[in-house]
Amino acid sequence: MFVCLAAERSRGGDGPYRVKRRSVTWSKKQARPSLILAGVGLLAALTGWALDAPAWLFGLPFLLAPLPAWRAVKGAGVAYRADRDSERMLSGWIDASHSLKVAAPPTWLSDTKLGAHGERLFRLRVGGRQAWVDKSVRDAIRPAAQADGYDIAFTLEEDADHPNDVWVDVAPMDRPDPKTLAADPVGMVVRCDMEDARLGFNYSCWPAHCKLDQVGTVDGKPAAFKWTILGPQPDWTRVRLDWLRGSTDGELGDWGTLIGVHMLVDPSFGFGWVWVGDRKAIDFDDRTASKWFNHDFSATRSAAHYLDLIDRWGADESAWDTALDGGKLPVPAAFYYDNEQTLEADDGWTLTAMPVALPGKGSYQALDYMALDVRPSMGDATVADALPMRNPRDNGWFTRYFTWVRSDPAFQPAIPAALRDLKGDGPAETLMARVIVSRACASALKRPALVGDPVQAAAPDADWTMWRVPISLTGGVTAADARKAQVRLQALAGADVAWWRWLDAGTVELWAGDRFCDDEDEWEDPDDYRTALRLRLSAAWAAAKAVAPDGRTPEAMDITPAPGGLTRVGFDIPTGLSRESVEASMDDFAANAGYSYVAPVTATRFTLLLGTHDPLPDRAPSDWTLLKPGTRVLPFGVQADGRPAVWDPAVTPHLLAAGTTGSGKSSVSVTLVCAALRLGFQVAVADPSKGANDFRPIKDHLVAFCDTLPDTYALAQWMVSEMHRRVALIKANGGGDLFDLPADIRPAPLLVQIDEFNSLLGRSGGKLDNALGDPDIDNANARIDWENGLRSTIGNDISQILTQARSAGIMLLLGAQKLRAEDVKSMSPTALGMLGRVFLGLADNTAGNISQANVREANRLLRQAAKTGGMPKGRGLYEPLGGQVRMVQCWWSGAGQELADACDGLPRPAQIDLSRFRPPQPRTVGVAAPVPDDTPVEAAQASEEDWDF
């Protein structure tokens with residue numbers, strides 16, 4: 001009966017809203033204590049009965065059993081009275097609010113909860129609840145409430161069991177201390193609801209009722225909560241941006257500013273976290289809190305760390321928002337803090353690297369962010385750069401992700417900003433090298449490049465640096481575009497040297513640092529040394545403007561050491577670039593590559609000899625050990641690669657040795673004559689101008705020594721006669737050439753050296769005018785005619801020897817002063833085509849002394865020599881017949897007595913008889929006739945016409 005009475009519903013109050021006592025229903029939780037009390041009563045009755053106690057004790061079980069329900073009955077009474085107080089408070093304020101306009105008045109009030117500081121929370125059933133949570137309703141009732149010292153708010157809850165209810169939040173105007181407030185669950189909810197309403201009205205959101213789940217304490221008192229909105233959900237993105245702007249401006253301030261509570265929006269955008277006081281002092285319940293963590297944001301299980309990351313997330317977004325202000329790019333959508341790395345360099349500076357995701361909508365790509373310089377907006381950070389991020393699945397590149405690299409702390413002047421200063425190969429140094437190159441590409445190219453992981457090529461202890469960096473070009477940028485921007489790229493990257501390795505049209509590898517180290521041992525990998533050397537040469541070609549349309553340059557393929565400290569390099573010339581244009585760029589190439597000596601080498605592949613200094617010696621003594629008996633090969637000097645310079649008559653039948661005054665041109669002829677004598681040649685020397693004085697010390701070793709024009713004439717006549725004799729001998733013995741003859745009848749090879757060849761290329765001066773018939777003038781003119789006739793005949797004879805004497809084993813060595821191009825115009829192409837050339841000394845133009853095909857290279861070699869110390873005596877150019885011109889240092893074989901002593905042991909052949917080939921003296925007038933010579937002379941008829949070469 002007691003329970004039934006307790007469960008009876010109370011009548012409603014007399015106010016305008018129906019308020020009733022809460023029903024107390026039977027439940028399992030009341031059964032256990034009731035049965036225990038009934039058992040206690042029964043045990044007491046039985047005990048009393050056994051002791052002859054009064055019989056009324058058997059009523060104890062019935063008296064004790066209902067006692068557990070009394071507490072619930074009492075609680076229902078308290079709740080009823082609280083509801084009645086809430087009804088009287090609210091109805092009074094509504095009655096005092098004459099401007100309140102709602103469709104229908106409230107009909108039911110229940111569930112009043114009381115806070116420790118006068119807060120009151122209750123449920124109100126209304127008709128049209130959206131109207132009751134409108135700002136106008138609150139503002140209409142608020143003045144009356146504030147007159148009583150309270151503030152009021154109406155909030156919604158999405159509750160299917162109470163679809164027509166609103167929550168009414170009432171709180172005193174005097175706000176308690178936030179720490180004390182947090183210890184009161186009802187007061188904390190009421191105050192948070194009021195903040196929801198305030199911010200909701202400010203930013204056009206429905207005021208919503210909230211729920212708080214405790215996740216942290218300070219000194220055992222609640223201090224941190226999970227904050228869940230139970231009503232209509234706001235746009236949490238806008239909550240994060242608009243409700244937390246950093247404002248403390250009263251009603252327009254941020255959420256929580258009026259009650260001293262802090263709030264963060266969870267990265268899931270479904271709830272928030274609130275706390276009071278210093279968050280670092282809060283003892284979080286990580287086990288409870290972590291079950292609500294957004295593990296896509298972070299996998300941490302620490303609530304303190306999780307909230308720190310949310311703070312950092314907001315700061316990072318704010319920094320990006322500032323950096324992108326006015327631009328078309330959105331703030332990155334996600335920051336993967338769990339994947340962040342902190343890298344410390346050996347010098348103490350640090351970098352952080354973290355993956356960042358872009359919004360899924362729009363056509364934005366990582367490259368768009370790489371093009372920005374956001375350092376000023378990131379606290380003037382030394383480093384704040386977006387780097388491309390590789391996709392590990394296919395080793396390609398993500399388009400919606402990038403790696404955000406920052407200096408931490410932001411301003412670190414110790415971080416090297418140039419590749420030349422970035423030594424070492426640690427993770428921090430490697431990342432910084434990538435940042436520098438990426439930043440340079442973004443600034444110098446029309447579209448940022450995808451820069452891969454750099455590799456330090458220098459050995460760990462090296463005092464120099466060389467980074468090789470893979471780069472993928474984007475946005476239509478080609479290798480040729482990168483080549484055009486090389487100067488700016490190199491400057492932006494802070495590199496003293498920068499070279500490109502072209503992998504394909506859109507992929508390159510940059511090698512950049514402070515210098516190229518010639519010591520292979522100081523390179524981490526010997527292959528890197530060889531590759532860098534190739535790139536150094538390719539870059540030199542680029543600087544010399546030997547570049548194909550696609551941006552490629554001649555590529556060094558074969559690199560081998562050569563004698564004399566030279567390097568032999570074979571190049572592949574790319575399509576679109578001619579060999580002629582490459583050859584024309586050799587001087588500039590050598591200067592840019594750091595070589596003072598460069599010379600082409602005859603080979604199928606375009607090949608050069610390179611040296612940092614001129615490899616030729618200033619003086620080279622004769623080395624007769626190089627003579628090979630039984631051959632006709634005559635060494636006379638040393639080439640740049642250390643090999644001997646030789647005249648091989650089998651390849652070059654005749655040789656022209658010319659040069660400037662004082663260049664040592666006569667030493668070439670002397671050396672070749674000495675070499676020929678040592679190989680058993682017959683040697684004759686003629687000098688129609690200066691008397692062959694250079695050969696006088698070895699006169700006894702020659703078959704002829706002609707120091708006058710008539711003697712030279714006689715020698716030339718004899719040469720033609722000897723040629724015919726030898727040709728007839730060869731014909732009589734089956735044909736071929738001289739060296740096919742049997743040894744017992746074979747004449748020795750014949751070398752005829754004719755010096756001062758210039759004097760044979762033209763006539764003497766004009767005749768004198770003799771109007772008075774002076775016999776001396778007539779005789780002088782007659783001699784001029786006679787000498788010109790001799791020269792003409794000598795010229796014809798030399799022409800025959802040049803073009804017809806090869807098979808007869810007769811070789812001409814012509815010595816001359818430096819020739820001019822017009823000096824050889826009278827010589828036939830056939831005759832010129834049988835001459836090799838040696839030219840000693842410097843000249844502005846070698847035309848006439850070197851065949852036309854090699855004039856450009858010859859001039860280049862002379863310019864190169866002038867830049868590297870000039871031309872010492874005996875230095876010159878050598879061009880074998882049909883071969884490439886090259887620089888040589890001619891041997892010195894001595895002069896005067898030194899020369900005579902050097903040849904003392906050589907044979908002294910009999911002199912050939914030239915008497916029958918000497919020309920008759922010119923006829924004179926007014927002079928006694930000379931005594932006739934009884935020796936018959938056969939003289940060839942001198943032609944009055946110019947002789948034809």
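Each Cβ is built from the backbone N, Cα and C atoms, and glycine gets one as well.
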Among the residue ranges 842-877, 914-949, I'd like the one that TrEMBL describes as region 'Disordered'.
914-949
Shell of the ATP site beyond GLY659, THR660, THR661, GLY662, SER663, GLY664, LYS665, SER666, same chain only (C-beta within 8 angstroms of their C-beta centre):
LEU840, GLY841, LYS873
Kindly assign LYS665 (ATP binding site) to one of the three DSSP-derived states: helix, strand or coil.
helix
Name, in the order they occur in the sequence, the residues of the same chain whose CB lies under 8 A from the CB of SER663 (ATP binding site) and which sit 6 or more residues away.
LEU840, GLY841, MET871, LYS873, GLY874, ARG875, GLY876
Neighbouring C-beta atoms (10 Å sphere around the C-beta of GLY664 (ATP binding site)):
20
Please work out the mean pLDDT for the residues of the domain 'FtsK' (642-849).
87
For each of GLY659, GLY662, count the other CB atoms within 10 A of its CB; which of these binding-site residues has the top count?
GLY659
Inside 10 Å of the Cβ of LYS665 (ATP binding site), count up the other Cβ atoms and send me the figure.
27
Per residue, counting other C-beta atoms within 10 angstroms of the C-beta, which of the binding-site residues THR660, THR661, SER666 reaches the highest number?
SER666
Under a three-state reading of DSSP, tell me whether THR660 (ATP binding site) is helix, strand or coil.
coil
